[in-house]
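Some notes on the structure that comes next.
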Ligand SMILES: O[C@H]1[C@H](O)[C@@H](O)[C@H](O)[C@@H](O)[C@H]1O
Ligand SMILES: [Fe+2]
Ligand SMILES: [Fe+2]
């Protein structure tokens with residue numbers, strides 16, 4: 001059976017004629033199809049979490065003791081954070097997103113094991129984050145350890161460990177931090193007011209575009225998030241890598257791809273895009289979020305003490321001592 005068209009075709013060809021520097025969405029989806037065929041041939045399978053695992057990850061007590069008012073206070077955030085989002089909201093356009101995906105597909109930037117990637121990332125301090133000034137390896141270990149302490153499935157522990165590794169982009173093709181970190185949102189349709197600092201989208205040329213500026217833009221309701229272009233950054237980049245090079249299940253892929261999509265998983269925006277699969281994935285992302293956000297105030301784990309445990313976990317889903325193509 002031929003896959004359902006991603007988005008209504010006439011709109012796409014009309015709107016994308018102006019973006020010859022990027023891949024058309026049709027070509028992108030062809031690429032994705034080719035990858036899926038290759039994966040089937042190589043017997044790399046992501047699969048879905050078992051019901052038992054879904055039950056385990058759904059019931060969490062982890063954040064009960066956390067004072068939620070201490071996190072994500074953007075109104076009180078420092079200028080570093082505010083300036084970051086002003087720039088990001090101005091520059092994340094459809095044209096840029098097509099180009100970024102095209103560049104991503106064009107080459108391999110580095111070959112590093114997961115652990116090497118964590119070490120490389122260690123010097124990056126995330127300008128968008130009002131809640132932590134720790135290094136990334138510390139944040140990754142905090143998230144993974146919180147998930148592990150709560151007895152969650154092994155694949156979810158590993159997801160905690162790697163979920164921000166896409167920030168490696170900063171050392172390769174990025175134009176700054178604005179196309180690497182921060183919350184994400186769809187491009188190609190109206191920017192929702194539930195995105196933080198919504199007023200800063202006035203400076204984004206897409207906001208006034210006759211197609212992209214409308215509620216549904218280039219999409220149709222129910223098209224499914226797999227068919228939506230989320231602003232390019234660490235989530236999207238890592239998602240593609242993990243999908244192609246690991247056996248982590250769909251729920252893990254969703255936790256990675258949507259963990260910064262707060263307007264959707266926290267604020268309830270963009271519900272009209274969802275299909276049945278997305279409803280299940282939303283549960284997974286919501287189960288993951290507290291470990292990402294509230295573990296930032298936990299004790300700082302020591303990487304050397306935990307390395308053996310996590311190396312085994314990495315081997316289990318990526319292959320023994322596997323160099324990942326970044
Ligand atoms: O500042 C943070 C940080 O960049 C995280 O890695 C991202 O996932 C969050 O959504 C964002 O708010
Ligand atoms: Fe993140
Ligand atoms: Fe994170």
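Any Cβ shown, glycine's included, is placed from N, Cα and C.
Binding of substrate is annotated in TrEMBL for 72, 126, 127, 128, 182, 183, 259, 260; the matching candidate from 66, 120, 167 at the same site is 167.
Cross-referencing 234, 240 with the Fe cation binding residues that TrEMBL gives (139, 163, 164, 259, 292) picks out 234. Checking the binding-site residues 72, 127, 139, 163, 164, 167 against ligand 1 with a 6 Å cutoff on the Cβ atom leaves 164, in sequence order. Checking the binding-site residues 72, 164, 167, 183, 260, 292 against ligand 2, the ones with a C-beta less than 6 Å from an atom of that molecule are 164, 260.
Among the binding-site residues 72, 127, 167, 183, 260, no residue has its Cβ under 6 Å from any atom of ligand 3. Rounded to a whole number, the distance between the Cα atoms of residue 167 (substrate binding site) and residue 139 (Fe cation binding site) is 12 Å. Least crowded of the binding-site residues (72, 139, 167, 234, 259), judged by neighbouring Cβ atoms within 10 Å of its own Cβ: 72. The maximum pairwise C-alpha distance among 72, 126, 127, 128, 167, 182, 183, 259, 260, the residues recorded as binding substrate, is 19 Å. Each of the binding-site residues 127, 164, 183, 292 was scored by how many other Cβ atoms lie within 10 Å of its Cβ, and the smallest score goes to 127.
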